[in-house]
Amino acid sequence: MYPERLKRAREAAGLSLRALAEQVGVSQTAIKKYEDGVNTPDSSQLLKLAKALAVRSEYFFRPFTVQLSADVEYRKRANTPVKLLKRIHADVEEQAERWQELTNIYPQFPIKPFTLPAGLPASVNTLDDVEQVAAFARESWKLGEDQITDLVDVLETQGVLVIFSAVEAQTKFDGLAVRIGSQPVVVVAQHWAGDRQRFTLAHELGHLLLQGRLTAGLDEEKACNRFAGAFLLPATAIQRQLGQHRRMIEWQELYLLKHEFGLSMMGCLYRLLDTAIIDAKTFDYLLKRYYFSGWRTQEPGNVYPAEHTILFKQLVYRALAESWIGESKAAELLGMPLARFHRERKLEGADAVTDQ
Ligand SMILES: [Zn+2]
């Protein structure tokens, strides 16, 4: 077995050495020795480890194909616990490995590599230039000026893969960007509300488009936030809906805008300022009211529906149909027990229509 696998699975499960040792009924030192490759567990212990960590025992023998590099951008908050980061990291690595494996199964991978839209300006000097880049990307990808209903689909069409991590991370992590081979990948938490997922996805897209173009003095994080807002809610669209200049805005207007464009009320508020529909004074007033109402933690009304992806599953089934893989490999790639996969394949039961 690969000792590192055990460590990864343990971190992914969020278990300490001691917690795992207790579950398996061996000493903490014994687990440590397995992880360091000093000792190897026998087959019955291996089964117990697999059970405790909710992986198949084959997992421990799978060679490594993906190593997340140190330049991974964690959009994390300063107080993100290290333990949580490790769990997210392990989960993403695991999913990235499945992507890598799937990529290798295809004689020719059916997703085009990510390329920058032709004619992107070589240098971006101001936040208004960033606004132009967002408009340019929309135009190049023929997205028009209306809302983007399925942002994940837009990214996947452009060769940016999206991984959803189910690791519990309500407020502690802001998404991250990695690469599988040359394919850029954006990771978002599955449990987030849709507007938060979309902002992160658009922000990371901003990094891909703006990297190496920003003049010194322009903060990349700020630029990517501006990009995200402009990409999700173009200036032309917000001006068309709310007018060119406004003295005051009703909260209901922001609420409706949020649910049309999938950008948080806070995001919409910033768009009003960025597009000069309201002045700084009105913005400050509204922002204060927003904070005062406690909406920073949770915005009022219905939650914007979450994004989802079907691409990975689609490609697994396609590979199965083409006989490039068998049923057990397909089940393994989808991370589900063979029996459940069998039912899903035959469209039996509710599993068949739900993704993830
Ligand atoms: Zn960023």
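Backbone N, Cα and C atoms are what each Cβ position is placed from, and that goes for glycine too.
All annotation found in TrEMBL is predicted automatically rather than curated by experts.
Per TrEMBL, the features are:
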- 6-60: domain 'HTH cro/C1-type' (DOMAIN)
Predicted model, mean pLDDT over the domain 'HTH cro/C1-type' (6-60): 89
Secondary structure content of the domain 'HTH cro/C1-type' (6-60), with strand meaning DSSP E or B: 40 helix, 0 strand, 15 coil
